[in-house]
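> This is the structure, below, for whatever I ask next.
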Amino acid sequence: MALLPILEFPDPRLRTKAALIEAAEVTTPAFQELIDNMFLTMYDAPGIGLAATQVDVHKRFMVIDVSEEKNEPHVFINPEIVAKDGGRVYQEGCLSVPGIFADVTRADTITVKYLDRNGQEQQMEAGDVLATCIQHEMDHLDGKLFIDYLSPLKREMVRKKLAKQRKHVA
């Protein structure tokens, strides 16, 4: 297994819309290894979710584990939200936008259809942090970042803060 490099804003590859995955690809050894590497990368970061587009793989899947013990891994392949309910503000962060946190309003509960890592169709109802994380990671698959929900002024402040952080690292 190997850690994968995580793309960071403003990298234009984060804006690429991910392609659907053929069911036959899901069970291939190469795809299974990619899933394992994404979990390894997410846990190492540390994070609670990682979309394939964040590691420069433009396919519609993501890995998530919101448990404290990191023992409830979920793989969502070709996810599709089929129902939403309520609205709630959560403070979000992102491995591709390091050190930045902002309040984002999302559906409080969702129902999502997807393929699991074995290529089996699944449907899950999710609430709270898991629902927020699924919606956040699905945005990545459509080339959208949580900072896109911010006003243009706040988004520009984020861009400047990240540029300043990069200067200090270099």
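Just so it is clear, glycine is given a Cβ too, placed from its N, Cα and C backbone atoms.
Below are the features listed in Swiss-Prot for this protein:
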type	residues	note
BINDING	Cys94, His136, His140	Fe cation binding site
ACT_SITE	Glu137	active site
> Give me the count of other Cβ atoms within 10 A of the Cβ belonging to His136 (Fe cation binding site).
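Excluding its own Cβ, His136 (Fe cation binding site) sees 23 Cβ atoms within 10 Å.
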> Name the residue among the recorded positions Cys94, Glu137, His140 whose Cβ has the smallest number of other Cβ atoms within 10 Å.
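So among Cys94, Glu137, His140, the recorded positions given, the one with the fewest Cβ atoms within 10 Å is Glu137.
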> Return one of helix, strand or coil for His136 (Fe cation binding site), based on DSSP.
helix
> Give me the sequence-ordered set of same-chain residues, not including Cys94, His136, His140, with a C-beta within 8 angstroms of the centroid of the Fe cation site's C-beta atoms.
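Apart from the listed residues, the neighbours are Gly49, Ala51, Gln54, Glu92, Leu95, Ser96, Glu137, Asp139, Leu145, Phe146.
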